[in-house]
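What TrEMBL says about this protein:
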{"type": "DOMAIN", "residues": "34-158", "note": "domain 'Heparan-alpha-glucosaminide N-acetyltransferase catalytic'"}
{"type": "TRANSMEM", "residues": "35-55", "note": "transmembrane segment"}
{"type": "TRANSMEM", "residues": "75-93", "note": "transmembrane segment"}
{"type": "TRANSMEM", "residues": "105-126", "note": "transmembrane segment"}
{"type": "TRANSMEM", "residues": "138-161", "note": "transmembrane segment"}
{"type": "TRANSMEM", "residues": "182-203", "note": "transmembrane segment"}
{"type": "TRANSMEM", "residues": "292-313", "note": "transmembrane segment"}
{"type": "TRANSMEM", "residues": "325-345", "note": "transmembrane segment"}
{"type": "TRANSMEM", "residues": "351-374", "note": "transmembrane segment"}
Amino acid sequence: MSEIKAETTHHHPLIISEPDVSDQQEKSHLKTQRLASLDIFRGLAVALMILVDHAGGDWPEISHAPWNGCNLADFVMPFFLFIVGVAIALALKRIPDRADAVKKVIFRTLKLLFWGILLQGGFSHAPDELTYGVDVRMIRLCGVLQRIALSYLLVSLVEIFTKDVQDKDQSVGQFSIFRLYCWHWLMAACVLVVYLALLYGTYVPDWQFTIINKDSADYGKVFNVTCGVRGKLNPPCNAVGYIDRKVLGINHMYHRPAWRRSKACTQDSPFEGPLRKDAPSWCHAPFEPEGLLSSVSSILSTIIGVHFGHVIIHTKGHLARLKQWVTMGFALLIFGLTLHFTNAIPLNKQLYTLSYVCVTSGAAALVFSAIYALV
């Protein structure tokens with residue numbers, strides 16, 4: 001996503017034109033130039049994803065945290081969103097026509113949504129046994145690619161429709177870059193306010209669900225979960241799960257959430273194992289780790305990535321760029337860890353909390369800075 005190539009024109013072979021050499025070189029430079037450090041970071045994120053997907057079962061310490069906390073696997077999604085943000089800033093500046101840029105963004109968003117539904121919606125049940133097909137009553141509606149699509153679409157549109165303002169000043173100071181891109185940070189503030197208001201202000205009533213897995217010994221059994229609270233961040237009674245159950249429907253959520261590996265649910269914790277006989281009822285319930293409200297807060301990771309792309313555009317000199325990146329990276333990391341260890345807002349990938357945004361974005365900033373310095 002770090003490059004969207006410009007359209008090329010085709011000339012009749014009998015017509016010999018003599019274009020301006022400097023203009024031709026500039027266009028060629030824009031078409032072929034890539035940020036090598038971003039490509040390497042993207043490759044690292046893919047390798048990390050493969051590692052935790054295949055080794056997470058044997059080494060649960062690197063797999064997703066059952067609830068609060070942050071393991072190695074929990075950095076993969078924010079790293080991708082950060083990379084998408086940097087790529088947005090670099091790619092969209094190459095497309096001068098606003099309508100063309102919007103068309104490309106919408107088309108790419110639809111592709112991400114299509115592949116997200118196809119790959120994570122339940123189409124491939126058992127590929128080794130060549131068993132495919134989707135039960136629309138059970139299809140999973142959310143997923144990793146759908147979350148990336150939402151962040152990519154919204155942040156890209158803000159970038160496109162504020163581009164004229166940004167182009168007025170191509171050289172800005174360390175702090176004036178925030179003023180130049182004030183619409184991006186206004187969007188971030190709105191996202192944060194909406195997320196926190198819903199997370200802590202939504203009343204979560206008691207709820208129930210039925211086991212629909214035919215292979216389960218509890219098939220057809222109805223479980224009741226007691227809540228009747230507001231502002232709780234525990235597994236059964238948080239607003240993120242409640243909103244997903246109301247909007248998506250519990251049958252369209254992820255049926256093997258990470259919380260099944262918690263001590264409350266299984267004696268094999270942190271490994272995945274059979275549920276305890278005295279496990280709370282919510283241990284049997286689905287939960288969507290890429291749900292609606294948590295996807296709203298994940299937009300913040302992309303906006304932070306876009307800021308790093310803006311620094312590349314407006315700051316000349318590697319040392320000056322690294323100074324800004326490292327400073328912001330450490331600031332985010334310290335702020336997020338402070339929120340977590342003071343018990344103000346815990347690190348939680350399932351809820352995509354503010355502390356989780358800050359810690360993972362800060363880590364992405366420092367890793368990207370290190371790769372940039374090495375390259």
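Cβ coordinates come from backbone N, Cα and C, glycine included.
TrEMBL: automatically predicted annotations, no manual curation.
The transmembrane segment (75-93) makes contact with the transmembrane segment (292-313): 3 or more of their CB pairs lie within 8 A, with pairs spaced 6 or more apart in sequence. The stretch in 138-161, 182-203, 325-345, 351-374 that contributes the largest number of Cβ pairs under 8 Å to the transmembrane segment (35-55) is 351-374.
Confidence annotation: the domain 'Heparan-alpha-glucosaminide N-acetyltransferase catalytic' (34-158) carries a mean pLDDT of 86 in the model.
Counting residues of the domain 'Heparan-alpha-glucosaminide N-acetyltransferase catalytic' (34-158) by DSSP class, helix then strand then coil, yields 82 helix, 6 strand, 37 coil. Long-range contacts of the transmembrane segment (182-203) within the same chain: residues 154-155, 158-159, 162, 165, 229-231, 233, 238-240, 242-243, 293, 296-297, 299-300, 303, 306-307, 351, 354, each at least 6 residues beyond the stretch ends and with a Cβ under 8 Å from a Cβ of the stretch. Beyond the ends of the transmembrane segment (138-161), by six or more residues, the same chain brings 1, 77, 80-81, 84-85, 88-89, 92, 98, 101-102, 105-106, 108-109, 112-113, 115-117, 119-122, 183-184, 187, 212, 244, 248, 251-254, 288, 290-292, 295, 298-299, 301-303, 306 to within a C-beta distance below 8 angstroms of the stretch.
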